[in-house]
Amino acid sequence: MNGGPSGFNNAPVTKTFVIASALFTVFFGIQGRSFKLGLSYQDIFTKLSIWKLITSVFAFSSTPELMFGLYLLYYFRVFERQIGSNKYSVFILFSVMASFLFEVMAVAILKDPTSNLLTSGPYGLIFASFVPFFFDIPVSTWFRIFGVRFSNKSFIYLAGLQLLLSSWKRSLLPGICGILAGSLYRLNVFRIRKAKFPEFITSFFSRLSWPSIGNPPTTPARNLAGNVPSYTTRQVEAKPIHPQLHLQP
């Protein structure tokens with residue numbers, strides 16, 4: 001499914017987040033510490049492991065989760081293009097914090113000190129993004145595969161389902177918390193959809209995110225629903241050529 005212009009044009013915050021997530025995951029994977037990622041009851045309530053709290057926002061605990069997670073983060077850059085980098089930064093912060101609070105409440109209720117209850121990765125942001133994806137992105141095409149009906153949004157839902165069930169209960173819980181966080185943002189709790197950061201913060205991400213190779217600096221205006229380029233800016237002028245015949249008497 002097309003998510004708009006290729007690359008990270010007009011999506012510097014998404015690009016920074018994707019790069020950070022990939023680097024954190026690769027770093028812990030090379031060190032062989034991926035299995036230590038994730039949050040448990042002790043990490044939150046007993047010994048308060050700060051480094052785990054930070055890395056759990058970015059680093060995935062396995063390669064398949066990384067692949068599906070980055071694919072979804074890359075696709076959801078359409079929302080940054082739709083509402084702007086400033087408001088999208090607010091959406092990221094709100095989704096991460098709200099989903100984390102829901103996760104803390106869930107861990108406190110389950111109270112299982114023997115295992116990591118929560119897998120690592122930006123599940124809160126990814127599954128919060130499915131809320132505007134469901135409500136704001138319309139279906140543009142339908143097709144059938146072996147008699148089963150699919151839409152152009154089906155593959156995004158399938159990728160999300162794969163990520164949601166990748167670690168079973170450990171990934172299911174953060175995914176549900178992310179959907180709840182996205183629902184709160186959708187309901188405009190505390191008028192969060194009106195909030196903005198100071199402009200220097202988003203301009204910082206624009207400078208931090210280097211230009212994509214091979215992509216033009218500007219992109220034509222596109223419709224978010226169908227991603228149809230505006231052809232009103234294109235004018236093709238063709239002048240007919242009429243050969244002149246000179247007849248000699």
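Placed from the backbone N, Cα and C atoms, the Cβ positions cover glycine too.
Taken verbatim from TrEMBL:
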TRANSMEM  12-30  transmembrane segment
DOMAIN    49-190  domain 'Peptidase S54 rhomboid'
TRANSMEM  50-76  transmembrane segment
TRANSMEM  88-110  transmembrane segment
TRANSMEM  122-139  transmembrane segment
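Among the listed stretches 12-30, 50-76, 122-139, the one sharing the most Cβ pairs under 8 Å with the transmembrane segment (88-110) is 122-139. Beyond the ends of the transmembrane segment (50-76), by six or more residues, the same chain brings 1, 3, 14, 17-18, 20-22, 24-25, 27-29, 34-35, 37-39, 43-44, 96, 118-122, 124-126, 129, 133, 156, 159-160, 162-163, 166-167, 171 to within a C-beta distance below 8 angstroms of the stretch. In the domain 'Peptidase S54 rhomboid' (49-190), the DSSP tally of helix, strand and coil residues is 100 helix, 11 strand, 31 coil. As a whole-number mean, the pLDDT of the domain 'Peptidase S54 rhomboid' (49-190) in this prediction is 93.
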